[in-house]
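Lifted from Swiss-Prot, the feature list:
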type	residues	note
BINDING	24, 81, 121, 460	(6S)-5-formyl-5,6,7,8-tetrahydrofolate binding site
DOMAIN	218-384	domain 'TrmE-type G'
BINDING	228-233, 247-253, 272-275	GTP binding site
BINDING	232, 253	Mg(2+) binding site
């Protein structure tokens, strides 16, 4: 029997032990399994309290079950759910009983969702939205994932593809009736109007998107600078826990340390890098090389150190914010006019260096926390601006979406080339429809399905 024809089961709830656990069963034998273990099949979509017994009539649990007949279920197949007490022994006994049935096996990661996709319960963009929702760590990620799961992009792509196919049908009909007077022109005209409208809509979506697909990975902020300026102390302060070793000895941090933060609902990856300086220690040299490479890849760099060293040490096009640390060590006489957060002090320091307008500047004490709140607030504002298109207007949530929409847009634009033969217009439209079909997971996507569904947990 083909694996897709087998009935699958898995724990669909969280880690045990817990108050309750949910075991989901999907497939042709779900009905038989439920009836055999509970003694009767409950009405569809009805909660029933039952006694679950194994094939030897040994009591497993006093539990609740639900029954969903195909196709009105999450997977489009017959589905049974066992809501049992969340003890490990209870689950083990139920799993043993389920595995005793022929053609019933444990599910692979993401197999329930893949069956839902294959049975037309959701398209590939919605499946990706579900994956993003499961892995969402921040409010902004959750909002975008919920909209994608609800068909934000999928509904548009289906409509666009259907209209392209309609236009293609008109053009092909015109080709068939090319010898019938002006029939071809009469059929081509409305098709080209439709194509122009669709091209405009897709181009508008692509133009409106900023970096919304980056929400899945988050903004990358590198903390860079020479040794012993407080980089590790700052990342510990921002992480609110000890993630980096703090030592008075220069060169303590040898490797890149990463911390995930939620700033204003946006995901931010904070990177503590090795102190950038000349060194004859081969290990420290490698740390400095990695620090420079990571800073060059960052979306924002927080530079702790002398301003004149920034352009030499930091490569790449990311904006650089100058952070003057250890303001608690500055004599009181030098801090007159500084506000409680240290921003005023930062401005004074910048003015003495004659570079006040060059970059954002902050004066902080990573050790005491002075000024850190102002800097965090500014970082949250930077993240919000960076992900500006990830609000309610965002449609694209993955790079795959963008690439396929770009392909469709190019094909539609080519199809509108003045003087292009109808046969070539039809071919461009076929390619555009194919790109949208791959976006939805309806054509030629077998190579990406395993990667997408393999990210899901078992039981989803």
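All residue numbers here begin at 1 and follow the chain in the order shown.
Quick reminder: no glycine exception, Cβ is built from N, Cα and C everywhere.
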Cβ-Cβ neighbours of residue 228 (GTP binding site) (radius 10 Å): 17
Long-range Cβ environment of residue 81 ((6S)-5-formyl-5,6,7,8-tetrahydrofolate binding site), under 8 Å and at least 6 residues apart: 12, 22, 23, 24, 25, 65, 66, 68
Cα-Cα distance linking residue 121 ((6S)-5-formyl-5,6,7,8-tetrahydrofolate binding site) and residue 231 (GTP binding site), given in Å to the nearest integer: 50
Assigned element (helix, strand, coil) containing residue 81 ((6S)-5-formyl-5,6,7,8-tetrahydrofolate binding site), judged by DSSP: strand
For residue 24 ((6S)-5-formyl-5,6,7,8-tetrahydrofolate binding site), the number of other Cβ atoms found within 10 Å of its own Cβ: 23
Lowest local Cβ density among 121, 231, which the record lists as binding-site residues, within 10 Å: 121
Mapped DSSP class for residue 24 ((6S)-5-formyl-5,6,7,8-tetrahydrofolate binding site), helix or strand or coil: strand
Coarse DSSP state, helix versus strand versus coil, of residue 232 (Mg(2+) binding site): helix
Rounded inter-Cα distance in Å - residue 121 ((6S)-5-formyl-5,6,7,8-tetrahydrofolate binding site), residue 232 (Mg(2+) binding site): 49
